[in-house]
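Visitor: Here it is, the structure in full.
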Amino acid sequence: MAIFASLSALTYLVLIIPFVTSLSFNFDSFNPNDQNVTYEADAYPANGVIQLTKNQRDSGANYSIGRATYSKTLHLWDKASGNVTDFTTHFSFSINSQGMNIYADGIAFFLAPADSRITDNSTAGGGLGLANYYSRQNTSRNQSFVAVEFDTFKNIDDPPGDHVGIDINYMVSIVNVTWFSNIPNGTRTDAWITYNSTSKNLSVVFTGFQPQENTTVTVLQTLSYNLDLREYLPEWVTFGFSGATGTYFAIQTIYSWNFTSSLNYNENITDPDVPQPSPVPEDTPSKNKSGLVIGLISGGCVSVAVSVFILFAFWRKRKVREDEDEDIIDGSMTNEFERNTGPKKFLYGELARCTNNFSREEMLGQGGFGGVYKGYLREYDSYIAVKRISRESKQGIKEYASEVRIISRLRHKHLVQLVGSCHQKRELLLVYEFMPNGSLDHHLFKGKSHLTWPIRFKIAQGLASALFYLREEWEQCVVHRDIKSSNIMLDSNFNAKLGDFGLARLVDHDKGSQTTVLAGTMGYMAPECVTTGKANKETDVYSFGIVVLEIEFNEEEVEHLLIVGLWCAHPDNNCRPSIRQAIQVLNFEAPLPTLPPNMPVPTYCSYGSTTSFASPYDSNGPGISGIQSSGTRDYTGSSNNTAASAASSPSASLLYTR
């Protein structure tokens, strides 16, 4: 009878435990005979992959639409209990423009009502096969959707460049982040999408590709948003991929896909036909109670043991990951530490104490990378600035190691000095000298103080001196790639110091343009960098020109600042000066150049050997059409030498035709 009572109690426990329904699959490849994937419009399986849109230019690949969805619907949430499913999906894909720098439009992973289908071609282009891009939010329940888009074309209301966004019912993303894609080369990308029903958080992790020295490294990028799926979608949904092309072309391929979901709900509530446990005879109350107690204790012990094991496994996995992260960073900087040229390695506890545990009261600024905090080091009796890189930041371990490795080797009075670094407890921290007057943008745009004209001019000269050091005086050429007013710090005497070398790259002095993944800040990036993805010395000169224009102007010095700023920010990189020429004009050592009266049209030519340069201002400018532009320039401090090079340099030609 005791055994019977124990079984009854166990049956009761099983019945009160929430019932779990799950959906799980894993496709390493895709077979045309597999009925588990449904294809719509132009999507089809071939050679073990899914071609989401047409993949041949000569077959009308523009304005192509395709969908690939799982054949079974997903029980997204339970109406009776109100519970929502947790799910995780991982897929591998590529978008390949076959070397073209303009392409469209992208793909999306989506959830939609079970009867959702492609209706017509109005969803091509920016609609990604989900909605007409130009219609506002859908009001019909059966037209609703939640999607994660990998968007490769800027439509109206889109951010510039390739981006990843979360869309709800229409194609303007609720949140988005720049995607460091490599679409001209068709590099294979991985994405992980997870929904946590407890926190109502939809999170996306995906791979991006950033240049590092002479190679491209893979980085992990993230995006997340909190939403209750019950507010936008019905209980049962279809899910999968949708893609489209528009005016421009790209091949969109899915290589693999796995998915796992689980929905907890009480089976008694959703299914009243479940049999109840048999009644226990009343003539053995003491034995029944003993069996029940034994069953509950046994079950409790097993639950505790399983919980402890799971917690230990998670702790161990996290510990291994932390050790691996530190090994990566330490391996990247071993040589610098061995030569004793690397920065000081701080302990996390030291930096937490000196910043009052990174309190908001000590925060100096906040950016996309994380926060900067003011700290005081007692042993050095000095203040420091601690840059704490956020885990959600695009700046990861590789960028952190790159910044430490590059800036720790540079020594110049107009560069921010790196004091030390720390990488413990999965934290990435950089320690810099403290700049009492903050960043230049706070003075120019946020009213922190009024900068006098002599100070403004000194700031421009200091920044030019720093760039000259990075380009010509140091052993290698450093391409900064993110020169802007917020990265220019001011010391107690308002001397300019350039900082933030997270995107910087080392190149040999005799090398021309470097093909890279687009990086930097829009508005400060040279137009050819945005268009071609090539960063070089001239792109930093363009950014310098934009900063100089922001500094404003007055009288003779102002005229020099204005003209040098416009000269450096010339749309055509062949007509920009070298940083040496810009310094000569700023220091009144060379005459002002004559700039064209109208905004020139940018023209780009290859770097390297001597090439023909066609001037965009033959009718209005100083008559430099057809000038031969040399891929290498030799400028000295001599005005005679500089003038002699005017015949082979469009920028020098401007300098000596005033």
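A Cβ is built for glycine as well, from the same backbone N, Cα and C atoms used for every other residue.
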Visitor: I'm validating the feature mapping. Which of 29-63, 134-168, 624-658 is tagged region 'Disordered' in TrEMBL?
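Guide: When 29-63, 134-168, 624-658 are checked in TrEMBL, region 'Disordered' belongs to 624-658.
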Visitor: Taking the Cβ of LYS387 (ATP binding site) as the reference point, list residues of the same chain whose Cβ is under 8 angstroms away and which are at least six residues distant in sequence.
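Guide: Sequence-distant Cβ neighbours: PHE369, GLY370, GLY371, VAL372, LEU429, LEU430, VAL431, TYR432.
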Visitor: Express the predicted model's confidence over the domain 'Protein kinase' (358-658) as a mean pLDDT, rounded to an integer.
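Guide: Residues in the domain 'Protein kinase' (358-658) carry a mean pLDDT of 73 in this prediction.
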